[in-house]
Amino acid sequence: MSRDLQNHLLFETATEVANRVGGIYSVLKSKAPITVAQYKDHYHLIGPLNKATYQNEVDILDWKKPEAFSDEMRPVQHALQTMESRGVHFVYGRWLIEGAPKVILFDLDSVRGYSNEWKGDLWSLVGIPSPENDFETNDAILLGYTVAWFLGEVAHLDSQHAIVAHFHEWLAGVALPLCRKRRIDVVTIFTTHATLLGRYLCASGSFDFYNCLESVDVDHEAGRFGIYHRYCIERAAAHSADVFTTVSQITAFEAEHLLKRKPDGILPNGLNVIKFQAFHEFQNLHALKKEKINDFVRGHFHGCFDFDLDNTLYFFIAGRYEYKNKGADMFIEALARLNYRLKVSGSKKTVVAFIVMPAKNNSFTVEALKGQAEVRALENTVHEVTTSIGKRIFDHAIRYPHNGLTTELPTDLGELLKSSDKVMLKRRILALRRPEGQLPPIVTHNMVDDANDLILNKIRQVQLFNSPSDRVKMIFHPEFLNANNPILGLDYDEFVRGCHLGVFPSYYEPWGYTPAECTVMGVPSITTNVSGFGAYMEDLIETNQAKDYGIYIVDRRFKAPDESVEQLVDYMEEFVKKTRRQRINQRNRTERLSDLLDWKRMGLEYVKARQLALRRGYPDQFRELVGEELNDSNMDALAGGKKLKVARPLSVPGSPRDLRSNSTVYMTPGDLGTLQEVNNADDYFSLGVNPAADDDDDGPYADDS
């Protein structure tokens, strides 16, 4: 059957569509504007319905109205009608994000009656077991069968357009073997953002993951961790897809050995850089947000506030509470060693290190709330007193020439301060005192399991207790930040802007949005060569020059653990020793890397993946369309096997590599390669790309009534 490859339909499926759970939500949300600009109403996102949150995420549309769909998209409407007639419930609308993509959210409870039938069918088709009490897997099966049902209906009703179905992670991957087995006329892409087995092996802490991958007995290890059935779904999805991709080179290496299929290419995660852009204002924003953090620090350390905030640096680590995978253990150990170095050297600088990772807690401690309240009370009292003093000076000055007074303006504090002012101030100051021997707390919340918390126990082990002699102070904030926080009223993005350095020494990080977000906000960061972001930036910037751009890359792959910790300490100490002018210059260089992470650049890799899927699904049509025989062994080969080469920069510190240059041997990001902006529009054969998209002023609701 001949289908239109250029005007194909795109359906993207994930469990985090309009459902904030983890990083995939951020990927889909930030990528939506460029995808909608490219596909218009040919693009739909599909996911499960979260009844608790969907009303805040989706603008519901009346899909039954004839005008809800264009004539080209009428098969989607008919497919939904067919499924509704069979008892399937769903929500159809627009996701309330930039770009406003159309979404279909299936209510899995409405198809739960098919559960046993579908689980039995999955076993008979591909031999994947499904334990009764694994609710996450059961929901993955329900979603997979529902999506395959929907795609089958659309493919049957629409014989005109090619259909590309893109699935993210194993939770959305059950539909892939079903599409293959049922011979549904769609081409498929599967992207793994992290492998199941990889997460478990790294979190165990007893496995040299990256150097022993080739020797892993995957079936045995999956069984040992009790995830064999999930692993089978993930592996079946990888092998059933027309195109298999990962988010980074390091994850591609992992997937090749754990899922037993070499990925066809890399789909690195981008950012909507416009959201973060502040142009020349970003330095001012740093100063403003830093002052907010200063206010918190004054309250947190009240009674022991013996360090100069102008000589204080704010470091932080943030993310999910994965103690080893996110590198929290290494961060705390390195801070203890940094503290020792700074004390021995007699440094006057202080480092306040924040750990922002959600853990079970019972809200804020009374001490944390009281400290902020006492400092605010002192601030208000000082403001009242200074206002009164100003009024007295003004009254004296304005009477002076008329009453024949010969005395000068009062300068003695005793004359300016009334006794009542002194009493108020003394009360506020005494309220800031701590009981003798009591130190500022290291945690801001009442922890549910304080005695067994890994982060707190590590802090206790290295004895970073916020003593006056410590040059490194610790603050563990076991909740994500938001502007309504009563002690640190900043959103996460604002907090990042106010900090000086983000530290993310992850051991298992397929991509790593936290250092990427730091980069686009002009905040230097420390990452590792086993994180996708770290490896990506290592390839983009000349050897040993990444840190000049505020990207410090710790070697956690080829160095022993203790050597990696020492390297991290070296980087942090080097940063502490910088002057303010050096830090400002470095932030300027860091912010200039933003364009390297923009979806306008990264999104081209998604275009390549879709082309490769269409090439493999419709080889004859594709050859006829392109006019030549193309190699479809992987994404890079399909695009002509172009080498990405860059010239050695003439400036010092080196500039980011010019991806259009042709004079050296570097390729990005690594052996699997990407094209990014090297290719021109002709290289993409205009498959589904609307060249006028950037000039289109119509809003996302232009076709809605």
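Quick reminder: no glycine exception, Cβ is built from N, Cα and C everywhere.
Residues or ranges marked as UDP binding site in Swiss-Prot: ARG20, ARG320, THR514. Just so you know, the Cβ of THR514 (UDP binding site) picks up 26 other Cβ atoms within 10 Å once every protein chain is counted.
All protein chains included, GLU509 (UDP-alpha-D-glucose binding site) registers 30 other Cβ atoms within 10 Å of its own Cβ. Under the three-state DSSP scheme, GLU509 (UDP-alpha-D-glucose binding site) falls in the strand class. Positions annotated as UDP-alpha-D-glucose binding site by Swiss-Prot: HIS193, ARG199, ARG320, GLU509, TRP511, GLY512.
Under the three-state DSSP scheme, ARG583 (alpha-D-glucose 6-phosphate binding site) falls in the helix class. The alpha-D-glucose 6-phosphate binding site annotation in Swiss-Prot covers HIS280, GLU281, GLN283, HIS286, LYS290, HIS500, ARG583, ARG587 and is backed by similarity to another entry.
Annotation source Swiss-Prot lists compositional bias 'Acidic residues' at 693-705.
According to Swiss-Prot, the phosphoserine annotation covers SER159 (among others), on the basis of sequence analysis. In three-state terms derived from DSSP, SER159 (phosphoserine) belongs to neither a helical nor a strand segment and is classed as coil.
Around SER363 (phosphoserine), the C-beta neighbours below 8 angstroms that are at least 6 residues distant in the chain are HIS445, ASN446. Feature annotation from Swiss-Prot assigns phosphoserine to SER363 (among others); the stated evidence is sequence analysis.
Long-range Cβ proximity for SER467 (phosphoserine), meaning a same-chain Cβ under 8 A and a gap of 6 or more residues, is found for LEU439. Positions annotated as phosphoserine by Swiss-Prot: SER467 (among others).
As annotated by Swiss-Prot, phosphoserine applies to SER651 (among others).
According to Swiss-Prot, the phosphoserine annotation covers SER655 (among others).
According to Swiss-Prot, the phosphoserine annotation covers SER661 (among others), on the basis of sequence analysis.
Residues or ranges marked as phosphoserine in Swiss-Prot: SER663 (among others).
If you look up Swiss-Prot, you'll see THR668 marked as phosphothreonine.
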### Task
Go through HIS193, HIS280, ARG587, the listed binding-site residues, and name the one with the sparsest Cβ surroundings, counting other Cβ atoms within 10 Å.
HIS280
### Task
Can you figure out which of HIS280, GLN283, HIS500 (the binding-site residues) comes closest in space to ARG20 (UDP binding site), comparing Cα atoms?
HIS500
## Note on the structure
Smallest Cα-Cα separation from ARG199 (UDP-alpha-D-glucose binding site) among the recorded positions SER159, HIS286, LYS290, HIS500, ARG587 is shown by HIS500
### Task
Based on Cα distances to GLU509 (UDP-alpha-D-glucose binding site), point out the closest of the binding-site residues GLU281, GLN283, LYS290, ARG320, HIS500.
ARG320
### Task
Could you state the whole-number distance in Å separating the C-alpha atoms of ARG587 (alpha-D-glucose 6-phosphate binding site) and THR514 (UDP binding site)?
16
### Task
Give the helix, strand or coil assignment DSSP yields for HIS280 (alpha-D-glucose 6-phosphate binding site).
helix
### Message
Just to confirm: which same-chain residues, 6+ apart in sequence, have a Cβ under 8 Å from the Cβ of HIS286 (alpha-D-glucose 6-phosphate binding site)?
### Response
ARG497, GLY498, GLY522, VAL523, ARG587
